[in-house]
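Asks: As annotated in TrEMBL:
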- Asp13: Ca(2+) binding site (BINDING)
- Gln14, Thr15, Glu16: substrate binding site (BINDING)
Amino acid sequence: MLPPLLTAVGVNDQTERPHFVFQDGKYYLFTISHTFTYADGVTGPDGVYGFVADSLFGPYVPLNGSGLVLGNPSSQPFQTYSHCVMPNGLVTSFIDSVPTDDTGTQIRIGGTEAPTVGIKIKGQQTFVVAEYDYGYIPPMLDVTLK
């Protein structure tokens, strides 16, 4: 059995939905995580985290220094969930919980696609470059499946 490509021992006990984007000869590994899965004394938002390496087996370096690519705002910590970074730089997710009062103690389940976000990946950095409509996923003409 091969060793894991990435671990978060002592930092986070859950990373979900790992997926790759291959760009410019680099391996970009993305995963999602939650605020409540961080180790004691470590904090971070629900969101999508990314890491980059020159080969499949690493070593992987956190994107943007911390790994965070897109995170939920502290005012709505469960705003979106289940991010997926596509090869064309679009990031989809779905709306998780929507507060129904000013205190945030009453919520309803969103259960629909969130606005799609466009990011640019450049080396070890990512940049938000666009926001699109809810669930926007155009045809990916530049992606060939074999």
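Every residue number used here counts from 1 along the chain in the order it is shown.
Note: Cβ is positioned from N, Cα and C throughout, glycine not excepted.
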Asks: List the residues of the same chain that sit at least 6 positions away from Thr15 (substrate binding site) in sequence and have their Cβ under 8 Å from its Cβ, in sequence order, or write 'none'.
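Replies: Once residues fewer than 6 apart are set aside, Thr15 (substrate binding site) is near Leu6, Ala8, Thr31, Ile32, Ser33, Tyr49.
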Asks: Going along the chain, which residues six or more apart from Gln14 (substrate binding site) have their CB under 8 A from its CB?
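Replies: In sequence order, Ser33, His34, Thr37 meet the Cβ cut-off.
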Asks: Using DSSP reduced to three states, classify Glu16 (substrate binding site) as helix, strand or coil.
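Replies: Glu16 (substrate binding site) sits in a strand per DSSP.
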Asks: Specify all same-chain residues, apart from the site residues Gln14, Thr15, Glu16, whose Cβ lies within 8 angstroms of the center of the Cβ atoms of the substrate site, ordered by sequence.
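Replies: Going along the sequence, the neighbours appear as Asn12, Arg17, Thr31, Ile32, Ser33, His34, Thr37.
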Asks: Excluding near sequence neighbours, so keeping only residues 6 or more apart in the same chain, what lies with its CB under 8 A of Glu16 (substrate binding site)?
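Replies: Spatial neighbours, sequence-distant, of Glu16 (substrate binding site): Thr31, Ile32, Ser33, Ser82.
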Asks: Cβ-Cβ under 8 Å from Asp13 (Ca(2+) binding site), same chain, 6 or more residues apart: which ones?
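Replies: Asp13 (Ca(2+) binding site) has long-range Cβ partners Thr37, Ala39.
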